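What Swiss-Prot says about this protein:
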type     : residues                                                        : note
ACT_SITE : CYS123                                                          : active site, acyl-thioester intermediate
ACT_SITE : HIS249                                                          : active site, proton acceptor
BINDING  : THR9, GLY10, GLN11, VAL12, ARG37, SER38, SER153, GLY154, ASN316 : NADP(+) binding site
BINDING  : ARG93, LYS220                                                   : phosphate binding site
BINDING  : GLN150, ARG242                                                  : substrate binding site
Amino acid sequence: MRVGIVGATGQVGTVMRRILTERNFPVTELRLFASARSAGTELDGVTVEDAATADYTGLDIVLFSAGGATSKALAEKVASQGAVVIDNSSAWRKHPEVPLVVSEVNPHAIKDRPKGIIANPNCTTMAAMPVLRPLHDEAGLEALVVATYQAVSGSGLAGVAELHGQTQKVVADAEKLTHDGEAVDFPEPGVYKRPIAFNVLPLAGSIVDDGLNETDEEQKLRNESRKILEIPGLKVSGTCVRVPVFSGHSLQINARFARPISADGATELLKDAPGVELSDIPTPLQAAGKDPSYVGRIRSDETVDNGLALFVSNDNLRKGAALNAVQIAELVAAELKG
């Protein structure tokens, strides 16, 4: 397969390159693309090309992870030159002619791609889908209440640098925060609205200007869950929270079903679910650098009929972005080979 990566020098693009190698993806030719600023540099012996001016003719699959604006500008052009585009941004997820795919959940959806583009879900949605699919198949999912605990790497390298820098700056005096949240002078926040070190921010993403006071992250969770699980009427209430963790998103999920399902029954279903691993105490540190969605703390939710509560942790850079894109590419490669 002749493969391209747009955004190859970025955080997710770097992980994509690593995962292609780890999974022995059948790459016969690899081309790397990034901004004009990075063009001409070398990565693993491959010269990076300017994504905006490159000719993509001859490529079979192109993975995009360079942000929504780049995907909007280039994805259709690349698809028109013959490649199947797998896009990691939010640019195409809601488009009715673009399938939104989690490899273990709805792989059949890749076949219906009239625009030649397949979208990768948001990282928080991605973590939940392999867990919710078997539960929905068993009991009929009706509603979700979700609180997320999202790592700073979800904001890119700048988020990682901000947490690291703030932590280094104040760690020597951090004990003073025990009794007074203003006892330490934090560096001025840049990426986030408030200091992220030793703190929790109930605002992951940006407020959408539609009067609902939800963030785009919260709306992605609702819209993408409906599309992937093929439940257009699914009710979803999310609160997306940024936490001082470098990598690994976690979700507390309270789910309501149409039919009874016990905690033991759910555990049995999830034991063999693809992309899922049971864990007594799932944590982002456990998930970082790993592929599965780790799920635990499975119990009944007594506030609703047929309710379950559970906790999920997943690496937002691997399965939450790069791994799923490569897994979709594997499905496409198998199809193209016939």
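Cβ from N, Cα, C; glycine included.
Since we're looking at a predicted model, the values are computed, not measured.
The C-beta environment of ARG242 (substrate binding site), restricted to residues of the same chain at least 6 apart in sequence and closer than 8 Å, consists of GLN150, VAL152, GLY154, SER155, TYR192, ILE196, VAL200, LEU201, LEU203, ALA204. Across the structure, ARG93 (phosphate binding site) and SER153 (NADP(+) binding site) place their CA atoms 21 angstrom apart.
Neighbour count (other Cβ atoms within 10 Å of the Cβ, all protein chains): 28 for ASN316 (NADP(+) binding site). Rounded to a whole number, the distance between the Cα atoms of ASN316 (NADP(+) binding site) and HIS249 (active site, proton acceptor) is 6 Å. Cβ-based neighbour count (10 Å, all protein chains) for SER153 (NADP(+) binding site) stands at 24.
Spacing of GLN11 (NADP(+) binding site) relative to CYS123 (active site, acyl-thioester intermediate) is 14 Å (Cα to Cα, whole number). The 10 Å shell around the Cβ of GLN150 (substrate binding site) contains 27 further Cβ atoms across the protein chains shown. Proximity to CYS123 (active site, acyl-thioester intermediate), judged by a C-alpha distance within 10 Å, picks out ASN316 from the binding-site residues THR9, ARG37, SER153, ASN316.
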